[in-house]
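Undergrad: Structure incoming, see below.
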Amino acid sequence: MAEIGKDIIKAKAILDAGELVGIPTETVYGLAGNALQADAVAKIFETKNRPSFDPLILHTSCLDKVYDFVKEIPEVLKDLAEAFWPGPLTLLLPRKPNVPDLVTSGLETVAVRIPSHPLTRSLLTSLNYPLAAPSANPFGYISPTQASHVNDQLGDKIKYILDGGFCEVGLESTIVGLEAGEVTVYRLGGLDLTLIEDIVGPVQVMSHSSSNPKAPGLLKSHYAPSKPFIIGDINDLVERYHKEGLDFAVMTFKKDFYQVAERNKIILSPQGDMKEAAKNLFAAMRILDSMDVSVILSELLPNEGLGKAINDRLKRASIQV
């Protein structure tokens, strides 16, 4: 298994050698490598078993450094950068030639963000290159929000994981760019859509893709546990599976089911707080997936604010019944 610690010097040495490190961000933990070194980027795809047509996000420490690998930042997107960086916002920008094709899956745009987690900010400040860092999990599985999650799944493939504690946001970043000159959200995420619209006005939201996405994290099936994950009317689902006598686990937004054993249920936010639900989502899914049950039952949240991003993850993790 990988070593877990807070040693930025050790993490930098491993990255400088072209190897990979698990890093904390406010969204989820990332599997990081030198974004400008093609061999390191290839190791990310290989370690995650990620398809090469799914591009990566570059992480750097400040706005000035972004210009080292992008040609320009359109004014409307710069307004968002100045408002929300560092934070859970990714911008899709025209790339410079020094960005390897593998990072962008051959696209002429590159996804960039400045994370807010202090440990990773310190690491990025010490580097003279950006980090490519998709979520530190096998492709398609539940994203990690603790260092132990990374070690459980990739600990035999990497040497070191920076331990930054529990991810504060818990959802991947919101990805924004321009499509035919219009501000477009390519992926809903940890930055509330309403906050973006407060600055730039109404935006269009792009639908998911089955292949060749324009930005990272757009595939229709994603974030999935290994057990069947079913969403619907939670009352009907619980009644149905209870009658059928099947072992099941339940994940709800704020509703409790007293007829379901405590060990077989997780409430994301008893107070109905969207931020708390987002922070707890992936960890809850992991716990339920580890249980000795046949199926996991869940429900959609109110489709507003962060609820839209949470529902996006729930839908893409689910199976159709």
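From the backbone N, Cα and C atoms, a Cβ is placed for every residue, glycine too.
Dumping what TrEMBL says about this protein:
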BINDING   T27, R113, A133, S173  L-threonine binding site
BINDING   R50, H59, T109, S135, S143, R187, Y223  ATP binding site
DOMAIN    5-191  domain 'YrdC-like'
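Describe the structural context of each listed feature in the structure shown, including burial, neighbouring residues and relevant distances.
TA: In this structure, A133 (L-threonine binding site) belongs to neither helix nor strand by DSSP; it is coil. The 10 Å shell around the Cβ of A133 (L-threonine binding site) contains 27 further Cβ atoms across the protein chains shown.
Long-range neighbours of S143 (ATP binding site) (same chain, six or more residues apart, CB within less than 8 Å of its CB): V28, Y29, S135, N137, E172, Y223, F282.
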Undergrad: Quick check: in three-state DSSP terms, what is R50 (ATP binding site)?
TA: coil
Undergrad: In whole Å, could you give the widest CA to CA gap in the L-threonine site formed by T27, R113, A133, S173?
TA: 12
Undergrad: Distance between T27 (L-threonine binding site) and H59 (ATP binding site) at the Cα atoms, whole Å?
TA: 12
Undergrad: Quick check for the class: what is the C-alpha distance, in angstrom and rounded, between R50 (ATP binding site) and R113 (L-threonine binding site)?
TA: 20
Undergrad: Taking the Cβ of R50 (ATP binding site) as the centre, count every other Cβ atom within 10 Å, in any protein chain shown.
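TA: There are 19 of them.
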